[in-house]
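Undergrad: Before I ask anything, let me first share the structure, which is written out below as structure tokens.
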Amino acid sequence: MVFAFWKVFLILSCLAGQVSVVQVTIPDGFVNVTVGSNVTLICIYTTTVASREQLSIQWSFFHKKEMEPISIYFSQGGQAVAIGQFKDRITGSNDPGNASITISHMQPADSGIYICDVNNPPDFLGQNQGILNVSVLVKPSKPLCSVQGRPETGHTISLSCLSALGTPSPVYYWHKLEGRDIVPVKENFNPTTGILVIGNLTNFEQGYYQCTAINRLGNSSCEIDLTSSHPEVGIIVGALIGSLVGAAIIISVVCFARNKAKAKAKERNSKTIAELEPMTKINPRGESEAMPREDATQLEVTLPSSIHETGPDTIQEPDYEPKPTQEPAPEPAPGSEPMAVPDLDIELELEPETQSELEPEPEPEPESEPGVVVEPLSEDEKGVVKA
């Protein structure tokens, strides 16, 4: 009986010695590490092959956002290399049977699944792979508080609170600030989403609210003002609008007055030019031209030589300048000598429509002075004068 037992034991031992097996052990499959710190991922292995020349160790990383794992560390024959985002951050163990690695300066993006693979040909059987789930813990970042709806009495509003970072996911709590006291809100809210709904805002519910995001690493908070009335804001806005309207009115009045002044000045200049136009058309030859040249009549007056000799009994009369008319000269008294009178060329500028000859109206004959005889020109003399 005892002989038979030892016989079976020897047979099983021989069979086990002929099978090559690699066994990988992971002491802790869940690892939590705070952001910025170092973490050691423990992976222990055993192999039935004494030689380590063909031994290879590989670590892979599977991010939750990635579809396939990526290789981050590989070691074989004493040579190790880190790859990708973990380059220069991974240090591997050189101890036999220890495939652990240490990652420095962990970041939120390093959270995910890590896979340890150990191979030592000809050991191909057994459990040569281990899996670790690593979470990088992050304190909640300062949440963003916002309000949807009009924060006025009688309106329905909702308050939201959300932190962009935080591992594990934070939970949210709402409180109302009453002076120095922090009072939990009476309304129901969702601690997972951080949404607080106020169905009918009253004066009692108006004020300042605080939201706090909490996880195992810490907490952060934000505040929001639900004061519906802000008189100072209304005054500022009203003053600003009034200033803009007043400036616009002033600019309009100034522009209108300027344009009106320009129009009056332009009208005044045009009237002045119209009044000065007739003056600019005066004949440069002087006032001696009063009639057209073709209507000019030359008169010859003969005065006695005794006109220059005035006796003591002669009464001097004012000089008389004959008018430039075409009436015939009065007949001289008999016995007087004719006196030559300077020829007078009289021209009159007539309108185009009145170019026809005008018949001179007879004027009363001036009283002849004593001793002065004016004889009319004969037809022959008139012809000579006209020639």
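Each Cβ is built from the backbone N, Cα and C atoms, and glycine gets one as well.
What Swiss-Prot records for this protein is below:
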- 22-132: domain 'Ig-like V-type' (DOMAIN)
- 22-232: topological domain 'Extracellular' (TOPO_DOM)
- ASN32: N-linked glycosylation site (CARBOHYD)
- ASN38: N-linked glycosylation site (CARBOHYD)
- ASN133: N-linked glycosylation site (CARBOHYD)
- ASN200: N-linked glycosylation site (CARBOHYD)
- ASN219: N-linked glycosylation site (CARBOHYD)
- 233-253: transmembrane segment (TRANSMEM)
- 284-296: compositional bias 'Basic and acidic residues' (COMPBIAS)
- 299-308: compositional bias 'Polar residues' (COMPBIAS)
- 344-368: compositional bias 'Acidic residues' (COMPBIAS)
Undergrad: Check the DSSP secondary structure of ASN32 (N-linked glycosylation site), expressed as helix, strand or coil.
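TA: DSSP call for ASN32 (N-linked glycosylation site): strand.
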Undergrad: Spatially, and counting Cα to Cα, which of the glycosylation sites is closest to ASN219 (N-linked glycosylation site)? Options: ASN32, ASN38, ASN133, ASN200.
TA: ASN32
Undergrad: Going by DSSP, give the three-state secondary structure for ASN133 (N-linked glycosylation site).
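TA: DSSP call for ASN133 (N-linked glycosylation site): strand.
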Undergrad: Do me a favour and check the Cα-Cα span between ASN133 (N-linked glycosylation site) and ASN32 (N-linked glycosylation site); whole Å is fine.
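TA: Cα-Cα, rounded: 9 Å.
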Undergrad: Counting only other Cβ atoms and using a 10 Å cut-off, which of the glycosylation sites ASN133, ASN200, ASN219 scores lowest?
TA: ASN200
Undergrad: If you average per-residue pLDDT over the domain 'Ig-like V-type' (22-132), what number do you get?
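TA: That region's mean pLDDT is 90.
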Undergrad: Within 10 Å of the Cβ of ASN38 (N-linked glycosylation site), how many other Cβ atoms can be counted across all chains shown?
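TA: There are 12 such Cβ atoms around ASN38 (N-linked glycosylation site).
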